[in-house]
């Protein structure tokens with residue numbers, strides 16, 4: 001309802017002293033008022049202070065050896081890959097600190113994103129997650145197979161940045177220094193010539209779209225997620241300091257490496273390496289091999305750090321079950337301890353779990369599901385049996401020929 005303007009009704013901002021006629025809006029609080037201009041100024045001050053906090057957080061980046069030690073607490077094996085990642089991550093955040101303090105005429109350091117190549121279940125995603133957690137930076141995972149070119153059904157590449165913003169609670173400054181892991185990059189390898197008359201909407205086109213944000217650009221990110229809200233106000237995100245780790249299994253790339261090295265397999269010749277040594281070729285991969293696989297050279301050029309992961313062995317998988325701080329065996333022991341029940345695994349039971357994971361070609365990723373299958377009845381029945389004090393998992397319990405052993409008080 002309109003009111004007349006006079007001195008008795010004039011409202012003034014408690015911070016800057018301007019009256020309601022001099023600003024667009026005045027908000028009333030508990031015995032105080034604030035105008036829209038002071039709100040905007042306060043937001044700017046908070047943004048600057050948060051940005052300074054982000055810079056301070058990253059000013060003392062753990063050295064490569066310290067990062068490696070952290071990774072060793074959680075990740076078994078893959079020593080060469082862990083060293084490569086530790087050096088690359090350290091150099092990345094050192095580069096950010098250098099650019100924040102450098103003079104105009106100083107050398108400009110280019111960003112070194114990372115390409116991880118390794119079989120399913122070898123630990124690619126877990127390595128990236130562990131690095132981000134150890135640095136306390138926002139982290140997002142994207143599946144390359146869900147991405148399509150703009151104008152086609154599917155996710156735009158900008159949605160990857162939205163996930164990072166969400167992980168940073170929409171703190172843009174923190175998001176701009178985060179880590180993004182793009183999985184299944186090998187599944188969008190460029191198709192060969194004349195393979196199909198249809199457009200390759202999830203292959204080379206997506207690689208080109210990824211290239212733009214990986215190399216560094218100011219991207220317009222839809223806060224509500226893409227195409228359903230075309231009128232929404234975009235958030236501007238600068239990707240020049242975001243570390244991109246791109247991973248994939250690259251099944252069959254060993255053959256490309258063998259051909260390049262002149263060791264093409266023909267029959268069962270004496271000069272051929274044994275099949276179980278194929279993983280050694282992973283350490284010989286160069287950019288030429290990745291390009292032949294179907295990744296465009298421009299994208300490869302933005303991924304100068306290669307980290308090759310080996311196929312995990314039975315011994316590796318057994319160690320993964322037992323040794324890390326968050327080892328699966330420790331997790332299930334903690335679950336049963338809540339019911340005052342002790343859980344033990346025979347050594348040959350752990351070997352059987354590892355063998356099953358290798359047979360299923362699931363690597364470390366499949367260990368949990370095998371334990372769940374083995375312990376389903378135990379976890380259902382034991383909480384209701386107050387006299388049970390110990391559960392022992394044997395090899396026979398894992399292979400299904402017998403049940404776990406229950407010991408009562």
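The backbone N, Cα and C atoms fix where each Cβ goes, and this holds for glycine too.
The average pLDDT computed for the domain 'ClpX-type ZB' (1-54) is 76. Among the features that Swiss-Prot reports, domain 'ClpX-type ZB' is placed at 1-54.
In the shown protein chains, 18 other C-beta atoms lie within 10 A of the C-beta of residue 38 (Zn(2+) binding site). The Zn(2+) binding site feature in Swiss-Prot is assigned to 13, 16, 35, 38; the stated evidence is sequence analysis.
Other Cβ atoms within 10 Å of the Cβ of residue 121 (ATP binding site), summed over all protein chains shown, number 24. As annotated by Swiss-Prot, ATP binding site applies to 119, 120, 121, 122, 123, 124, 125, 126, with the evidence given as sequence analysis.
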Sorted by sequence, non-13, 16, 35, 38 residues with Cβ within 8 Å of centre, Zn(2+): 14, 15, 17, 18, 23, 26, 33, 34, 36, 37, 39
Distance [Cα-Cα, Å, rounded] between residue 38 (Zn(2+) binding site) and residue 122 (ATP binding site): 53
Proximal residue to residue 125 (ATP binding site) among binding-site residues 13, 16, 35 (C-alpha distance): 35
Least buried by Cβ count (within 10 Å) of the binding-site residues 119, 123: 119
Cα proximity to residue 16 (Zn(2+) binding site), best match among binding-site residues 119, 120, 121, 123, 126: 126
Other CB atoms, at most 10 A from the CB of residue 120 (ATP binding site): 16
Residue 35 (Zn(2+) binding site) and residue 120 (ATP binding site), Cα-Cα, nearest whole angstrom: 56
